[in-house]
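**Q** Provided herewith is a single structure, encoded as structure tokens, for subsequent inquiry.
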Amino acid sequence: MKNAVSDRIDYIESSDGEDDGDEEEQGKVSADGNDDGSDGSDSSSADSPRRSRPSSYSTTWPQSYRQSIDIYSSVTPPTIGFLGTPTLSRLGSSFLANSFRGRHTPDAISSLLKPFFPTPPAEEEQQQRKSSHTLLPPQIPTRRPSHRTAREEHRLSKASSGDLPDTARHCSYAQSVFNGVNVLCGVGMLSAPYSIKEGGWLGLFILIIFGVLAFYTGILLRRCLESEPGLETYPDIGQAAFGQYGRIIVSIILYLELYACCVEYIILDSDNLSSLFPNAHLDIAGIHLNAHLLFGVLITLIVLPSTWVRDFSMISYISAGGVIASVLVVACLFWLGLVDNIGYKNEGSLINLSGISIAIGLYGYSYSGHAVFPNIYSSLKKKSEFPAVLFTSFAISTLLFAGVAVIGSMLFGDATQSQFTLDMPHEFVVSKIAVWTTVVNPITKYSLTLAPMALSLEELMPKDQQKSHWYSIVIRTALTISTLLVAMSVPFFGLVMALVGSSLTMLLALILPCICFLSIARRKATWPQVCICAFILLVGVISSALGTSSAVSKIADSLNS
């Protein structure tokens, strides 16, 4: 008990030192959404036998989740954005290359982070010298104090273990908003006009409702992270709420959603390239590959070598431009309607009950960012700014999604396809820019999306085989080929997105945050919180059931037709 209390004190002192006046206490579950907690939970790790000790969160599968999701979500290093101090510039240059070596990277996965091909000893020694000069700030001779505070001891212990200083992991408000928008404004925006076609114009209210509920559940995830020290990721929250089985179940759902994103990437590129080159085909060994199959195989061959890479520094910089790519595609759509003036169509019903369940899944998919929100919170410099970061990210994403939905529906009407890039006339330059941007963007993100799953599977190998890079190549190649097979088996972009949004995203964005919060908070949760969580659970379960059943039914009908 004494050790637990001392660990808690060290955790609080080390976390509030860099927050510039951020006085929220760790280990409290607030009775409302405010920054200050009112109910203490100092015994939160002791009053529930299902919860694990904080030290076990980084030693239980998947151990690589925090580092791999940081890279996937492009948690921006200090050199990107608005920080320009010399020390941070030195740190930032190698931050992404060393992101997998975070403060909780255990020895079990250290072998998973080495280059695939061995480096000559002389070159390796030279790289180590260069890395040490790059990572470490210049040492300034100072007098050694006669005694060290607990905060200094904490920092020295982290430095001795090879971890980066806290400032290298802290993101500003603007950087965190950038990361949040980068996660939310993904390929789901391409189906925004299609969602109005399926659900009608009043379906936009579903988008707003889901946005409000998803914002609240994001705040609940923050409260779960603050319930006890050591919680940093979504699987950590599942473990704190329901023990080891909770961690495993949450991790599997998270990885399934990432896997579905990889499938969507292949379908997306195959659809757009086949629309540009509809007559492309290939006959080989008696097998006929039409344009859709041919480009699906071609995209898979292009992204396959990038999945073998373990230093994702360059790829993560490129994929961080996902926000720019999304804005560019949206700008092309608006240019097509406002400048090129292809004409507007007064079509579409006010509400379409037969397709509203598909629209529910599409709207739900647009808020599939909860897997990353805990990582953004853990990397945020001022933790009290997290609600503002969430609100800004959701506001920007919702406005972009609604704007695309409205302008796309007005331009293409009832002829709207599952991706508005397929509806854009190819004779216009902006249409070609939008299509090729849509094609290139998933290629840069594929390997980063696949990496968390691959690393988690590599952790399950025996330790003596984890050092073999060929096992990693086999695992990543098998995952990539499997996404191709699934994509070519169900090549329906909109319906697959609706299925993922109704099943997996509803679980991660609405259902699981409420369940985990109620399990962790227990009696500390107020009646308003319990009622709101009950309402969100009701909405999430009903939406998930309706959307999943409709998506599966329409996919089956499309396969049989």
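A Cβ is built for glycine as well, from the same backbone N, Cα and C atoms used for every other residue.
Residues or ranges marked as compositional bias 'Basic and acidic residues' in TrEMBL: 1-11. The feature compositional bias 'Acidic residues' is assigned by TrEMBL to 13-25. For 172-549, the entry in TrEMBL reads domain 'Amino acid transporter transmembrane'. Per TrEMBL, transmembrane segment is recorded for 202-221, 248-267, 287-305, 317-338, 350-367, 388-413, 469-490, 496-518, 530-552.
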**Q** Among the recorded stretches 202-221, 287-305, 496-518, 530-552, which has the greatest number of Cβ pairs closer than 8 Å to the transmembrane segment (388-413)?
**A** 202-221
**Q** Would you mind listing the long-range same-chain contacts of the transmembrane segment (496-518), meaning Cβ under 8 Å and 6+ residues beyond its ends?
**A** 29, 187-188, 191, 210, 213-214, 217-218, 220-221, 223-224, 234, 237-238, 240-242, 246, 250, 253-254, 256-257, 260-261, 263-264, 267, 357-371, 418, 490, 525, 529-530, 533-534, 536-537, 539-541, 543-544, 546-548, 550-552, 555
**Q** Going through 202-221, 287-305, 469-490, 530-552 one by one, which has the most CB pairs that fall under 8 Å from the transmembrane segment (248-267)?
**A** 469-490
**Q** Taking the transmembrane segment (287-305) as the reference, which of 202-221, 469-490, 530-552 gives the largest number of Cβ pairs under 8 angstroms?
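**A** It is 469-490 that shares the most Cβ pairs under 8 Å with the transmembrane segment (287-305).
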